[in-house]
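Written below as structure tokens is the structure these notes are about.
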């Protein structure tokens, strides 16, 4: 049974921040978010929890594959799992900035860094496990869409000057 624990734990870990973000988002999607100008091409609100569940599961399992291939939290794992941890922290940080603080510009800056960090994570994972790296491809694609959406919302909803 203990051989399954790292796989389950690492696969589940990204969902922790997703659940926290969901609590922040839930209220704002009904109150603040509908007041924003949004592009016609944005995905429906109902798509987001489904997509994020799949993306978090894929990235989590990919991190397990890297962890296992590199023998756990070893010196060789420092860069690939360090970048993964950084992107995960950036991922978890976006929702409180965008939905919690309503800081559209700072959320855009943050998601640009997040997207770049995911690209760097993929590059560091590729020599270790091509399959793990490719598990991040849908995530990177979704982040490109999310970045464009964040940009359009920021552009089309000027922030108040009380910052």
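Glycine too: its Cβ is placed from the backbone N, Cα and C atoms.
As recorded in TrEMBL, the features of this protein are as follows:
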type     : residues : note
TRANSMEM : 6-25     : transmembrane segment
TRANSMEM : 46-67    : transmembrane segment
TRANSMEM : 79-99    : transmembrane segment
TRANSMEM : 106-126  : transmembrane segment
TRANSMEM : 132-151  : transmembrane segment
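With respect to Cβ pairs under 8 Å, the transmembrane segment (46-67) is most closely packed against 6-25, considering the stretches 6-25, 79-99, 106-126, 132-151. Within the chain carrying the transmembrane segment (6-25), a Cβ under 8 angstroms from the stretch's Cβ atoms is held by residues 49, 52-53, 56-57, 59-61, 63-64, 67-68, 88, 91-92, 94-96, 99-100, all 6 or more beyond its ends.
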